[in-house]
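Pulled these features from TrEMBL for this protein:
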- A:10-140: domain 'Aspartate/homoserine dehydrogenase NAD-binding' (DOMAIN)
- A:Gly10, A:Phe11, A:Gly12, A:Ser13, A:Val14, A:Gly15: NADP(+) binding site (BINDING)
- A:Lys121: NADPH binding site (BINDING)
- A:153-330: domain 'Homoserine dehydrogenase catalytic' (DOMAIN)
- A:Glu206: L-homoserine binding site (BINDING)
- A:Lys221: active site, proton donor (ACT_SITE)
Number of protein chains: 2
Amino acid sequence: MKRWNIVITGFGSVGKQVARLLDKRHAYYKEKYKADVRLVGVARSAGGCFHPDGLSVPQWEDFAAQRQITESSFDGAAFLSDSNADILIEAGPTDIQTGGSGLVYIRQAFVQGMHAITISKGALVVDYAGLSKLAKQNNVMLKISGATAAALPTIDLLQYNLAGCEVRAIEGIFTGTTNYVLTRMMEDGLSHEEAIRDAQKLGIAEPDPSYDIDGWDTACKVTILANAAFGASLQLQDVPKTSVRDVSTDHISFWKQQGKIPKLIGSIRKTDNGIAASVELQAIDTAHPFAHVTGTTKAIRVETDVMGDLLVVGGKSDPVAAAAAALKDLEHIISR
Amino acid sequence: MKRWNIVITGFGSVGKQVARLLDKRHAYYKEKYKADVRLVGVARSAGGCFHPDGLSVPQWEDFAAQRQITESSFDGAAFLSDSNADILIEAGPTDIQTGGSGLVYIRQAFVQGMHAITISKGALVVDYAGLSKLAKQNNVMLKISGATAAALPTIDLLQYNLAGCEVRAIEGIFTGTTNYVLTRMMEDGLSHEEAIRDAQKLGIAEPDPSYDIDGWDTACKVTILANAAFGASLQLQDVPKTSVRDVSTDHISFWKQQGKIPKLIGSIRKTDNGIAASVELQAIDTAHPFAHVTGTTKAIRVETDVMGDLLVVGGKSDPVAAAAAALKDLEHIISR
């Protein structure tokens, strides 16, 4: 039976769900893939916790419950290096400026011959091309389902389900929060401020909602998908975007009169000059496939050359679903 | 560069499209997978055509254009055996009683160490379990996208995109023809006879439409998916089914009054007693995710434990799309 040692970097709500699912699925991996998958280490900025034979659930739960005082001596890179892991699962905060520690960890993982699964987007937004090249050079895999709409299949759909087809264009509702806010504005007449506050109360929007509301989250996913699935060399700042904060109640009244529905839509399209990508607030009509995609639900629509169009709607938007998407990637690695 | 020899059995419209796409994608396979993929043989009941270095397009076109007089001496099994192929693509007619020659060819392919991709459903309906076991014993792959709604991802969705999740239930509009007939009856007030004739004129329904219209096609797909993705041991005759011929214009009027829409829905559900499967004519309401799936469009909805629900709609229903689905399977084989 092949042994697979896992390290998780970033140990917030998603990282902990990954650890929980790894424990739950231990026997299943043994049975299905003859794989002995063990979580040997978890790290956050404050420190790390490691056991070469695998961490027990109480061990990592204790670690997670410790107050987050940074060990001045903690060196995440050294921790990863000493872990002797086979697969890194990066679940830290998304840093779209520098790629943050996620970028450092993933690069190091590749150099040491580990596969990497990333849920955080920063590293991919900042340097997808470099990471992809480094993975290839070291004959390891970079898997990104958790960073590209997680439970809604996007990168899978383009690379696996449509293998061999030419994908001409995609468009998507990639951010549940903005779709929730727009839905409340349309259906209940709320202002964007009210709808955002409501989303915050329900834990749908972050205390600082800017990353989602101003279109950054959608733009990140568009940038990653354009580079990973369309071979583009897109920078995040090249993607024009609209903020949901630009939508007034007057806009809403006008669209209602016109029978239109506002959606924040990320799109990528092949053109004669390369790849065009954007994040736009579009007032779609009721016949559009996204017209019935409401609340926090996400969706993607794909246009192909020979398989026609495909619409995929759904996939939960919570830490367990994000963790499950990362572990789908894990299965694709251990089953090869 | 690795050489992959392909044989196609069954050389009707879909088989010819497979040959055409193989030719078109020859350079792409070389570039992307370092794979030299060559069509070395094609066979139909009337005879075969073979070249060890690969058939040129004019060679197989000439063969396809020949009048179909059966060579009394033609032995498909011997042809396959002598072909020294690496992958069989079975595209013959679907025989749901015996599995037909497709079953014979796929079994033989496995015993000889070939992978098999099947577009025809007969062999899978009659003996999925046996074929799956035989493939495993011989360390080769059985790929079935082309037999399970083709361009609409179904088996992929359950086995790849949702790896690690528990799939609790699926339901689908798996047959474009029946959905077209029901749509015409609802939207244009046609009787089922008129709608079927119209579908025949457009080449959507077969001259003998029974296989689609009476629910056999949907029941075959349900049987295959239940056995392949849910581990069931279902026989085709165990799946209760309804025929679209049972729908009268009175039914249609009644549903219209009630705000309902009739759909032929194949479903599979885990129960306390195992797997329940059926093909039913359901009058769904307008809020159902399938309410907007009209014409020849197909769809599948999946319920999972941790990733929520997913709806997939679309995928073309023509010979090129079916061929492309089979070649998606081919890429998954040669990329491993």
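Glycine is no exception: its Cβ is also placed from the backbone N, Cα and C atoms.
TrEMBL entries are annotated by machine, without manual review.
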Under 8 Å between C-beta atoms and at least six apart in sequence, can you list the same-chain neighbours of A:Glu206 (L-homoserine binding site), or say none if there are none?
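Within the chain, A:Glu206 (L-homoserine binding site) has Cβ neighbours under 8 Å at A:Gln200, A:Asp212.
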Which whole-number value in Å describes the distance between the Cα atoms of A:Gly12 (NADP(+) binding site) and the residue listed as 'NADPH binding site'?
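Distance (Cα to Cα, whole Å): 15 Å.
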State the three-class DSSP label for A:Gly15 (NADP(+) binding site), counting H, G and I as helix, E and B as strand, and everything else as coil.
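For A:Gly15 (NADP(+) binding site) - judged by DSSP and reduced to three states - the answer is helix.
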Calculate the distance in Å between the alpha carbons (Cα) of A:Gly10 (NADP(+) binding site) and the residue listed as 'NADPH binding site', and round it to a whole number.
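Roughly 13 Å, rounded to the nearest whole number.
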Quick check: of the recorded positions listed here (A:Phe11, A:Ser13, A:Val14, A:Gly15, A:Lys221), which one has the Cα closest to that of A:Lys121 (NADPH binding site)?
A:Lys221
Counting only residues 6+ apart in the same chain, whose Cβ is under 8 Å from the Cβ of the residue listed as 'active site, proton donor'?
A:Lys121, A:Ala147, A:Thr148, A:Ala149, A:Thr154, A:Gly172, A:Phe174, A:Thr175, A:Gly266
Within the chain of A:Gly15 (NADP(+) binding site), which residues six or more apart in sequence place their C-beta under 8 angstroms from its C-beta?
A:Ile8, A:Thr9, A:Val42, A:Arg44, A:Ile89, A:Ala91, A:Gly92
Just how many other Cβ atoms lie inside 10 Å of the Cβ on A:Gly10 (NADP(+) binding site)?
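Looking across every protein chain shown, the total is 25.
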Using a 10 Å radius around its CB, how many other CB atoms surround A:Lys121 (NADPH binding site)?
26
Give the sequence-ordered set of same-chain residues, not counting A:Gly10, A:Phe11, A:Gly12, A:Ser13, A:Val14, A:Gly15, with Cβ within 8 Å of the centre of the Cβ atoms defining the NADP(+) site.
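Going along the sequence, the neighbours appear as A:Ile8, A:Lys16, A:Gln17, A:Val18, A:Arg44, A:Ala91, A:Gly92, A:Pro319.
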Within 10 Å of the Cβ of A:Ser13 (NADP(+) binding site), how many other Cβ atoms can you find? Include all protein chains, please.
13
For the domain 'Aspartate/homoserine dehydrogenase NAD-binding' (A:10-140), what are the DSSP-based totals of helix, strand and coil residues?
65 helix, 22 strand, 44 coil
